[in-house]
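Here the structure comes first, spelled out in structure tokens, and everything after it is commentary.
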Amino acid sequence: MPSKSIADHHAGYGVALAIVALLLIHGTALVMIFSDIKVGSQPQDLKDQLSYPSNYDAYTSHISGADHGHSEMWTDINPPSRKPLHGDSLDIKTNEEHITLSSPRTSTKTTNENGHEKDSKDIKFSFSTNRHPISVSPTTDIVSIAVSHNNPMGGDTWQVSRNGPNTVHVPIYGKPILRLNGEELSTQIAHMSMWDELAGSFKTFAATAESFHMITTTHLFNKTLHKDVFFVVHGWHGITNDTHIFLSAVRLLTRMMPTSCIIYLSWESQGAIGTAADAILLARRVNITQFLSAMPSQLRIHCMGHSLGSYVCGSICRQYHSLMSGICKGILGINPYEVLFSAPDLYARMHVDTIRLDAEYVAIFATTSQYLSTSDSDADEYIIVNDAVFMNSVCANPYEWNIHLCTTGYGELKSCERFGAANVTTSPGVVEDGSQICLRMLPIIAVLQSLDLKSSYPLLRIAPPDASNEVTHLPSIWNIYVVGKDYRYSTYAKNDSLWYSSAICAGDTGFSIPSVFTVFAPPSISLRVRAAVQQSSTIYKNITIYSAFLKNTSRYYPTVTLETLGPILSAYAWRGRMHNSSYYPLPLPEQEIMEYKCTHIDRTYTCIPTDLIYATTVWRQIFSMGHIFPVYPSNNCLPYRPTNAIIWRRPVLEIGVWNNITASFQRNKQLMALTFENHNTATNTTLLTFHDVCRESKIRSVVYFEYDWLETSMNITVLIPGLYTLRWFFPFEIIEMPVRVSYNNSFAQALTTSRV
């Protein structure tokens, strides 16, 4: 792609620049991400250059127009200009900071750069001519590169740390899995059911070792095909029996996940039909140890539980750990506190024994935030889905509600199931509001909707109640295939619970997952998005970011009306999907992004989609088709494709060769990527993405780079004179800093001495 001037690249954003100019004139401080960037002398004892292999996208198609956000890294992001002379300068003043908004490109690789949020401090520079080596020690937690202390004039100039350049060491993420003692478990036998596709019926059996051998000999369990066992567990049956809802769910899961063994677990005989108080206690004592003991040890265990079934999942995983010393891959709890609507005084009892330690990844899918608070520690991620309007409309006729759910998965697998009031029965003599039953069942169906490759839930990070210093509005994607947190964010390696909001639109033909509409605007204006399920905003420096879940029910991006006098700076919409391509077999979540063009009409803005669609990968661990697809790279960093951003341009930094730039930034900021543009060779190289240092042989002799992820700091040393640009990418902004490197007297002296 040909390079563009700054003016050309940002055409159409004159309003944005005007607003920013006014802010600058009035002396508004442009608060920056970095708490400190300083320049010091670099120790001249580097050794052993990093050797960078090819990028992660080995399977990317090179066919024009087939780009899905997985293409060659940074091929069209800030394309370098012509090769400058050493005396040339960039078109950036040396005493002023510039801000603008990134703009879309018109090629098939449309890229709108990206950045982050919340208050932060200005970049500060301090210059030093001290040539004494600084002390650099390898970190013990997350280490990318460590500096050796050999003669810098001989051999290579890099040394990879013993842990490798791309290893993420999780300081506190290892979970102490709890074991159950045999005497604590129920002596009653639970029952299980599986769908037999050949027979066209369900097979029900006791949860014993003999039963596992039976399903093996009858090929319900296939040793060759089945790599995962996926338990589905119902909740409290003291008032309502929803067995048929779950059997329909099991049939759908069996058809959509052919490489997984899907098993429905009924625990009525072990306490599910008792009182709510008893059921809460007995859910942790459900016993299937005999069945688990007969299973091959290499199987991966997953469990999805509704209401108290979430805690039964925890019991299953503890038994599995006690028997096999294995750890469940994931637990998905659907409205686990639902029973509290009948017995709110039992809240404390449910939190005595958390399920969060029972699997590698625990997610809670909830349609209400009631009973969820910062004291909750039951999940790695909470997915709070707004359902108030649409689910109530589905349940308007409480005894005739009906949903026909159809999903399309990998390999064009398609299946449909009908869920409705006819699938639910109530206990004799018990009268319950049918609409309440309907509202309890819909979250199960909402989770099953995400089996469809185009129906992943768009997520926006929210702060838990009473929490402070949370990074909100960070986007992500979630669906039933997810078995790991979002790798892109620093919270991947922390034990903090993450909270996300999402939304859903329900109808008698199934569910539709809404798109998210995002607007960048000055902080002084009032703005409301029409036809939104929910909306929120956050003030980010001198920009306000508005986000709203649109309640459109089609697969198409709608025209959006903004109630505001403006001005607005930028707008786009995005939704979640799973990548599905013959060219790139990894089934990873993606954020599909549509650029919008907005026109001011009277007291509103009308925003129309531009048909410029691109996608960026959301790196989460996924299980599908018999495989767990890891997200962390084996020998290189992962591609990062940014969305929209505020661009902050810093003055040119003048330094000498071998001077060290140390950049540190606030811990609550999320660095997504760092690129290094070499104007001398017209190349742009990615130095890191997320937690991983990239490997690129072309820059072996040009730059030294060291990244301390835990300490949120880095050292950068340029080894050859010339003109360069460093770009730090955050979820909502980009920091650009031109660097002019030249020989100085101290370096020339050292060079002469070394040569002698």
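Glycine residues also receive a Cβ, built from the backbone N, Cα and C atoms like all the rest.
For 100-113, the entry in Swiss-Prot reads compositional bias 'Polar residues'.
Under the DSSP three-state reduction, Asn222 (N-linked glycosylation site) is assigned to coil, being neither helix nor strand. The N-linked glycosylation site annotation in Swiss-Prot covers Asn222 (among others) and is backed by sequence analysis.
For Asn241 (N-linked glycosylation site), the Cβ neighbour count at a 10 Å cut-off comes to 17, with all displayed protein chains included. Here Swiss-Prot flags Asn241 (among others) as N-linked glycosylation site.
Positions annotated as N-linked glycosylation site by Swiss-Prot, on the basis of sequence analysis: Asn287 (among others). Taken residue by residue with DSSP, Asn287 (N-linked glycosylation site) is part of neither helix nor strand, so it is coil. Residue density at Asn287 (N-linked glycosylation site): 22 other Cβ atoms are found within 10 A of its Cβ, drawing on all protein chains shown.
Mapped onto three states, the DSSP output places Asn423 (N-linked glycosylation site) in helix. Shown in sequence order, Asp242, His244, Ile245, Ser248, Met441 are the residues of the chain, 6+ apart in sequence, with a C-beta less than 8 angstroms from the C-beta of Asn423 (N-linked glycosylation site). What Swiss-Prot records for Asn423 (among others) is N-linked glycosylation site, and it gives sequence analysis as the kind of evidence.
In this structure, Asn495 (N-linked glycosylation site) belongs to neither helix nor strand by DSSP; it is coil. Of all the Cβ atoms in the protein chains shown, 14 others lie within 10 Å of the Cβ of Asn495 (N-linked glycosylation site). The N-linked glycosylation site annotation in Swiss-Prot covers Asn495 (among others), and the record cites sequence analysis as its basis.
Per Swiss-Prot, N-linked glycosylation site is recorded for Asn542 (among others). A sphere of 10 angstroms centred on the C-beta of Asn542 (N-linked glycosylation site) encloses 18 other C-beta atoms. According to DSSP, Asn542 (N-linked glycosylation site) sits in a coil region rather than a helix or strand.
What Swiss-Prot lists as N-linked glycosylation site is Asn552 (among others).
What Swiss-Prot lists as N-linked glycosylation site is Asn580 (among others).
Taken from Swiss-Prot, the feature N-linked glycosylation site covers Asn660 (among others), and the record attributes it to sequence analysis.
Under the heading N-linked glycosylation site, Swiss-Prot lists Asn684 (among others). Asn684 (N-linked glycosylation site) is surrounded by 20 other CB atoms, counting those within 10 A of its CB over all protein chains shown. Reduced to three states, the DSSP call for Asn684 (N-linked glycosylation site) is strand.
Residues annotated as N-linked glycosylation site in Swiss-Prot, with sequence analysis given as evidence: Asn715 (among others). For Asn715 (N-linked glycosylation site), the number of other Cβ atoms no farther than 10 Å from its own Cβ, over all displayed protein chains, is 20.
Marked as N-linked glycosylation site by Swiss-Prot: Asn744 (among others).
What Swiss-Prot lists as region 'Disordered' is 96-120.
The signal peptide annotation in Swiss-Prot covers 1-30 and is backed by sequence analysis.
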Among Asn222, Asn660, which are glycosylation sites, the residue with the most C-beta atoms within 10 angstroms of its C-beta:
Asn660
Report the nearest neighbour of Asn287 (N-linked glycosylation site) in space among the glycosylation sites Asn222, Asn241, Asn542, Asn660, Asn715, comparing Cα positions.
Asn241
Have a look at the glycosylation sites Asn241, Asn495, Asn660, Asn715 and say which one has the shortest Cα distance to Asn222 (N-linked glycosylation site).
Asn241
Cα distance, Asn715 (N-linked glycosylation site) to Asn684 (N-linked glycosylation site), nearest Å?
19
Cα-Cα separation of Asn660 (N-linked glycosylation site) and Asn241 (N-linked glycosylation site), in Å?
68
How big is the Cα-to-Cα gap, in Å, between Asn542 (N-linked glycosylation site) and Asn495 (N-linked glycosylation site)?
32
Could you state the whole-number distance in Å separating the C-alpha atoms of Asn715 (N-linked glycosylation site) and Asn241 (N-linked glycosylation site)?
61
What's the CA-CA gap between Asn495 (N-linked glycosylation site) and Asn241 (N-linked glycosylation site) in angstrom, rounded?
36
